[in-house]
Structure formats: C-alpha cells, structure tokens
C-alpha cells in the first residue's frame, strides 16, 4: 500500500497525459519502466533545468521542448489516439494538435528504448540542486 501511495504522489508531478504516455512507454520498451524515468537527471519529471546528464536525460529534454511547441491544446491533460504495431506506435486521430502531443510522446518513448543502455541509476532521483548550469535552448 505504501508503494502505491508513493507512486500516486510521483504521478501527480509529471507533465503530460501521464497515463497514456506511461502506457506507451511500457509498450515500446516491452516492460513496466515508467517509475524509472520519474525524476531522472535534470529533465525527466516535472520541469527541467541545467544540462541533460546523458542520452536518456536528453530524451526528456527533447520531450519538454516538443511539448513547448504544441499550441491549441494542452499536452499536460489532453488525450490522443494511437495504435500499437509490432512494438512501435502510430499516432492517429483527426485533431492535428492532439496528434502532435502523441508524436512528442512517441518520439520520447522510442528515444528511451533506443538509449536504454545509457540509463544510469546515479541519475534517478538526482534532484534539481545538481542541475544549476544554464539550460541550452530548444
């Protein structure tokens, strides 16, 4: 029960339509991995400052930048449609804005999969106090 409560607290602080993005990540990576990317490095989780610490953290930086370019809908709350095809995701639906959110999430999930070998536990729960450098532009 305590683990469930901790996960609920962590889920509240993550940007995006968390449930969809989390399910997409788990599907693309082939296992339950969402918890590993909460508060990883300087960009995975809520917000982001400093320099990405590795390729995994850069996936989150690019995801944050992608969300920043979305206009006309809210990437933090709006739902979108997608289908699963052979370990990959195909974004669908008629709403171009929601499709853009889906593409941001799809690219990030694929980036995590492609860079899973760079994941380093020393960056999990890393903390913003370790990310004080100037942020690079998107």
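Heads up, the Cβ atoms here are built off N, Cα and C, so glycines get one too.
Positions annotated as signal peptide by Swiss-Prot: 1-16.
Long-range Cβ proximity for residue 131 (disulfide bond), meaning a same-chain Cβ under 8 A and a gap of 6 or more residues, is found for 41, 42, 48, 49, 50, 51. Look at Swiss-Prot and you will find 42-131 (among others) tagged as disulfide bond.
Per Swiss-Prot, Ca(2+) binding site is recorded for 43, 45, 47, 64. Residue density at residue 47 (Ca(2+) binding site): 11 other Cβ atoms are found within 10 A of its Cβ, drawing on all protein chains shown.
For 44-60 (among others), the entry in Swiss-Prot reads disulfide bond. Within 10 Å of the C-beta of residue 44 (disulfide bond) we count 26 further C-beta atoms, all protein chains included.
Under the three-state DSSP scheme, residue 111 (disulfide bond) falls in the helix class. When Cβ atoms from all protein chains are considered, those within 10 Å of residue 111 (disulfide bond) total 18, not counting its own. According to Swiss-Prot, the feature disulfide bond maps to 59-111 (among others), an assignment based on similarity to another entry.
What Swiss-Prot lists as active site is 63 (among others). Mapped onto three states, the DSSP output places residue 63 (active site) in helix.
Positions annotated as disulfide bond by Swiss-Prot, on the basis of similarity to another entry: 65-138 (among others).
Taking Cβ-Cβ distances under 8 Å and a sequence separation of 6 or more, the neighbours of residue 66 (disulfide bond) in its chain are 103, 104, 107, 108. As annotated by Swiss-Prot, disulfide bond applies to 66-104 (among others), with the evidence given as similarity to another entry.
Annotated disulfide bond per Swiss-Prot: 73-97 (among others), in sequence order, evidence recorded as similarity to another entry. In the three-state DSSP scheme, residue 97 (disulfide bond) is classed as helix.
Residues or ranges marked as disulfide bond in Swiss-Prot (evidence: similarity to another entry): 91-102 (among others). In sequence order, 80, 81, 82, 89, 91, 92, 93 are the residues near residue 102 (disulfide bond), counting only same-chain partners six or more apart with C-beta under 8 A. In the three-state DSSP classification, residue 102 (disulfide bond) falls within a helix.
If you draw a 10 Å sphere around the CB of residue 105 (active site), it holds 27 other CB atoms from the protein chains shown. According to Swiss-Prot, the feature active site maps to 105 (among others).
Other Cβ atoms within 10 Å of the Cβ of residue 45 (Ca(2+) binding site), summed over all protein chains shown, number 19. Taken residue by residue with DSSP, residue 47 (Ca(2+) binding site) is part of neither helix nor strand, so it is coil. Each residue contributes its Cα atom, and for residue 97 (disulfide bond) and residue 43 (Ca(2+) binding site) these two points are 23 Å apart.
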